Amino acid sequence: MNTQILVFIACVLIEAKGDKICLGHHAVANGTKVNTLTERGIEVVNATETVETANIGKICTQGKRPTDLGQCGLLGTLIGPPQCDQFLEFESNLIIERREGNDVCYPGKFTNEESLRQILRGSGGVDKESMGFTYSGIRTNGTTSACRRSGSSFYAEMKWLLSNSDNAAFPQMTKSYRNPRNKPALIVWGIHHSGSTTEQTRLYGSGNKLITVGSSKYQQSFTPSPGARPQVNGQSGRIDFHWLLLDPNDTVTFTFNGAFIAPNRASFFRGESLGVQSDVPLDSNCGGDCFHSGGTIVSSLPFQNINSRTVGKCPRYVKQPSLLLATGMRNVPENPKTRGLFGAIAGFIENGWEGLIDGWYGFRHQNAQGEGTAADYKSTQSAIDQITGKLNRLIDKTNQQFELIDNEFNEIEQQIGNVINWTRDSMTEVWSYNAELLVAMENQHTIDLADSEMNKLYERVRKQLRENAEEDGTGCFEIFHKCDDQCMESIRNNTYDHTQYRAKSLQNRIQIDPVKLSSGYKDIILWFSFGASCFLLLAIAMGLVFICIKNGNMRCTICI
């Protein structure tokens, strides 16, 4: 009896599609690179620029009361040269000084010029009050061709006191003024330095001249210095202007015997203002609170890279043209090669979902009813709440209203100017470093926070499912019971009741091999098992054939 044994070997791989829920985070195809304390060039989903580089090349005056001084210098509003006649009294919250502006007509200068200029820039304008000085036995109408109106004139707010006639003696005089208001009075007077001793004698008589000024806080004596000097505006003489702030109810007393330029009115400040030196035009159709010589900076950002010398409520100047603040989580673009079932991610921190546009974190699920994706608003909102206001916090730390002293120093003040310039440069260096450090710290916090919220969401789902599901190491959970859309929704909104499905899950869990391997090892083991199984079956078949031939139950005929 011939017995023929036919052996068929078939290897079939069946993919069992069970219910599954996966967790993931938002990703974009091309993120933005930011720096943190520990790393540079980290890619994030969203980032906001913190350095303003856009400038409006005009002085924006919308909502302001600007005063454009034109040819009048700011200090000239106190003494009244012809070019300042329309600004002897004014009110403003934005004072614009022009390069063409001049403080004087008869050559001279102010002492502590920059300090006085800064005071006037913030004064809100000035109004004036007569000091009530009267004179007898002298002339009070001194004029000069350097200050021309219809003809020779003088400073509108000053009186040039001269001897009653050429070469006549100038009498010793004392004049006092008490400040009647409840705010400081600005008092300005001048000392005339004649072009020669002969000129001084002609104007004030012979003998030494001495001017003494005193108040409760101020005491100073002045002696004129006649002498030849280069002519300016046709004059070889000079007038030095001095000033003091007189407290309420305080009295200033002037004692003099010639060469004295007497004040006519005291000046009082009207309020507060900003002062900017600029030659750009004014524009009432735009508004802003930060000004510089080149125009207006309108920005809500904490830093700017436009001009280091600004006035008003301004972003801090930094050297860096860009400092990106992370306002989104770490970005890892979706990689199709690492997807599992229906595009599930392989490692929820290592890869993202580019389609999750309505939230930072979310779920994807698969069940008998199909597949779906939904954002998790709770974790998303938790992260956003902590990151919202990050830019505002930076602005609060950096934005202050301040004014920087300009570099218009005379020779005496040049050393002070050098110190201020060095200090300004040092401050820029410090703030540039501080800005980079602040942004890096905030970026570090944002990225750590985003990862933390992702982990919290993962732990929340794991604690809900407990033994009813098993993690597969890719950010997904294999669920051991049927989980319809309502069940999936309960997992997402944290109302899932694991006890309801415990019995069915335990029954299904017993049928599943508890050992889980990563996909790479699964492939190796699969092929190894397949080869070993085929070899074993082949060995068994050959053994049966050998036994049958030996017992005579099978005959092998070889034909050639």
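Heads up, the Cβ atoms here are built off N, Cα and C, so glycines get one too.
Source: prediction; values computed, not measured.
Features of the protein shown, as given by Swiss-Prot:
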type	residues	note
DISULFID	Cys60-Cys286	disulfide bond
DISULFID	Cys72-Cys84	disulfide bond
DISULFID	Cys105-Cys147	disulfide bond
DISULFID	Cys290-Cys314	disulfide bond
DISULFID	Cys483-Cys487	disulfide bond
CARBOHYD	Asn30	N-linked glycosylation site
CARBOHYD	Asn46	N-linked glycosylation site
CARBOHYD	Asn141	N-linked glycosylation site
CARBOHYD	Asn249	N-linked glycosylation site
CARBOHYD	Asn421	N-linked glycosylation site
CARBOHYD	Asn493	N-linked glycosylation site
LIPID	Cys556	S-palmitoyl cysteine
LIPID	Cys559	S-palmitoyl cysteine
SIGNAL	1-18	signal peptide
TOPO_DOM	19-523	topological domain 'Extracellular'
TOPO_DOM	545-560	topological domain 'Cytoplasmic'
TRANSMEM	524-544	transmembrane segment
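Sequence features annotated in Swiss-Prot and their locations in the structure.
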residue: Asn46; record: N-linked glycosylation site; contacts (Cβ under 8 Å, 6+ apart): Thr32, Ala326, Thr327, Gly328
residue: Cys60; record: disulfide bond; contacts (Cβ under 8 Å, 6+ apart): Asp283, Cys286, Gly287, Gly288, Gly295, Thr296, Val298
residue: Cys72; record: disulfide bond; contacts (Cβ under 8 Å, 6+ apart): Pro81, Gln83, Cys84, Gln86, Phe87, Gly101, Asn102
residue: Cys105; record: disulfide bond; contacts (Cβ under 8 Å, 6+ apart): Pro81, Pro82, Gln83, Thr144, Ala146, Cys147, Arg148, Tyr155, Asn233
residue: Asn493; record: N-linked glycosylation site; contacts (Cβ under 8 Å, 6+ apart): none
Would you say which of the disulfide-bonded residues Cys286, Cys290, Cys314, Cys487 has the most Cβ atoms within 10 Å of its own Cβ?
Cys314
Expressed in Å to no decimal places, the gap between the Cα atoms of Asn249 (N-linked glycosylation site) and Asn141 (N-linked glycosylation site) is 30
Please identify, among the recorded positions Asn141, Cys290, Cys314, Cys483, Cys487, the one with the smallest Cα-Cα distance to Asn30 (N-linked glycosylation site).
Cys314
Work through the recorded positions one by one (Asn141, Cys483, Cys487) and name whichever has its CA nearest to the CA of Cys290 (disulfide bond).
Asn141
Across the disulfide-bonded residues (Cys84, Cys147, Cys483), the Cβ with the fewest other Cβ atoms inside 10 Å is that of Cys147
Using DSSP reduced to three states, classify Asn46 (N-linked glycosylation site) as helix, strand or coil.
coil
Could you state the whole-number distance in Å separating the C-alpha atoms of Cys487 (disulfide bond) and Asn141 (N-linked glycosylation site)?
100
Return the residues near Asn141 (N-linked glycosylation site) by Cβ distance under 8 Å, restricted to its own chain and a separation of at least 6 in sequence.
Lys159, Trp160
Of Asn30, Asn249 (the glycosylation sites), the residue whose Cβ has the fewest other Cβ atoms within 10 Å
Asn30
In whole Å, how far is Cys314 (disulfide bond) from Cys483 (disulfide bond) when you measure between their Cα atoms?
58
Per DSSP (three-state), Cys84 (disulfide bond) is helix
